[in-house]
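Student: I'd like to ask some things about the structure below.
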Amino acid sequence: MSFLSMWLELIGFSHGDTAVYMTMFSVATSLGGLLGGKMGDALARRYPNAGRIVLSQISAGSAVPLAGILLLGLPDDPSTGLAHGLVLFVMGLIISWNAAATNSPIFAEIVPVKSRTSIYALDRSFESILASFAPPAAGFLSQHLYGFRLADGGAGKATAERDRENAASLAKALYTAIAIPMTVCALIYSLLYRTYPRDRERARMQSLIGSELQHMELLEEGGDGDEQFELFETEADDSDVGTKKLLANRES
C-alpha cells in the first residue's frame, strides 16, 4: 500500500484529501485488529478446530474484491471521494484480522512458553521481509508491464491526461501486488485445517505432562521435609526419655 497515496493524488485528490483517506485507512486497520480478535475468540469457542482459520481466509480473501472495487471499479475522479473513502475504510477494517484473530492466538496455544518470544519475533521478521518486496514489485509492474511513464523533461511537465493514464497503470500494478499475495495467503491458511488441531493437542499433552512432573517434584520435596521433621521429633523424644531416666537415677 506504499503507492496508495500517490495513486490517490494522480486521480486528482488534493494533498489534504489524500491525508484524510490514508488516516481513515490506518484507523480502520486498528479497529479491524480489535474486531478480528473478538470474532476470533468467539469462533474459536464454537469451532475450536476451524474458527480462527476460516476468519483469516475471509479476511485475506476479501482483500481481492475490495481492492478490485477500489482500484479498478471506482471511476478515477475526485468527485467520487465519498465512495473511495468508504471502500478504503471497509477494506482496512476487514483485511487486518489475521494477526489478532489467528496468528498470535495460535502461536500462544502451540508454542512452548520458553520459545514463544523467539517465535513471535521470527513471525514479525518474516512478515516484514515479505512485505518489503511489495513496493518494488508494484513499481516495477506499473512501469514495465502496465505503461506508467513520466512526462518528457521530468515529472513536473506531466499533463492531466497522462496523470490519469499513470493512475490506471499504477492501479493495475497495485491490484496485482495485492490480489496475488492475498490469494496465496488464503490458500496457505488451508494447511492449518490439518496441522493446527494436531499441534494444539500435542502442546496440551506436553503442558499436562510438564504440570504433572512439576507436581511430583513438589510432592517429593514435601515428603523429604516431612521425613526430616519426623526424624527430628524422634530424636527429641529419645532425648526426653534419656533425661527422665537420668533424673530418676539421681533421685534414687
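For all residues, glycine too, the Cβ spot is worked out from N, Cα and C.
Note that TrEMBL annotation is computational and uncurated.
Relevant sequence annotations retrieved from TrEMBL are reproduced here:
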SIGNAL    1-16  signal peptide
TRANSMEM  20-37  transmembrane segment
TRANSMEM  49-74  transmembrane segment
TRANSMEM  86-108  transmembrane segment
TRANSMEM  129-146  transmembrane segment
TRANSMEM  173-192  transmembrane segment
Student: Is it true that the transmembrane segment (173-192) and the transmembrane segment (20-37) have 3 or more Cβ pairs under 8 Å, skipping pairs fewer than 6 apart in sequence?
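Tutor: Contact between the transmembrane segment (173-192) and the transmembrane segment (20-37): absent.
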Student: Find the member of 20-37, 86-108, 129-146 that has more C-beta pairs under 8 Å to the transmembrane segment (49-74) than any other listed stretch.
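Tutor: It is 86-108, which has the most Cβ pairs under 8 Å.
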Student: List, by number or range, the same-chain residues at least 6 past the transmembrane segment (20-37) whose CB is under 8 A from its CB atoms?
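Tutor: Same-chain contacts beyond the ends: 1, 4-5, 8, 13, 55, 59, 81, 84-85, 88-101.
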Student: Which bits of the chain, at least 6 residues beyond where the transmembrane segment (129-146) starts or stops, bring a Cβ under 8 A of a Cβ in it?
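Tutor: Those are 1-3, 166, 168-170, 172-174, 176-177, 181, in sequence order.
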Student: For the transmembrane segment (86-108), find every same-chain residue at least 6 residues outside the stretch whose CB is under 8 Å from a CB in it, and list them.
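Tutor: Same-chain residues near the transmembrane segment (86-108) but 6 or more away: 21, 24-37, 39-41, 44, 52-53, 55-56, 58-60, 62-63, 66-67, 69-70, 74, 116, 119-120, 123, 182, 185, 189, 192, 196, 200.
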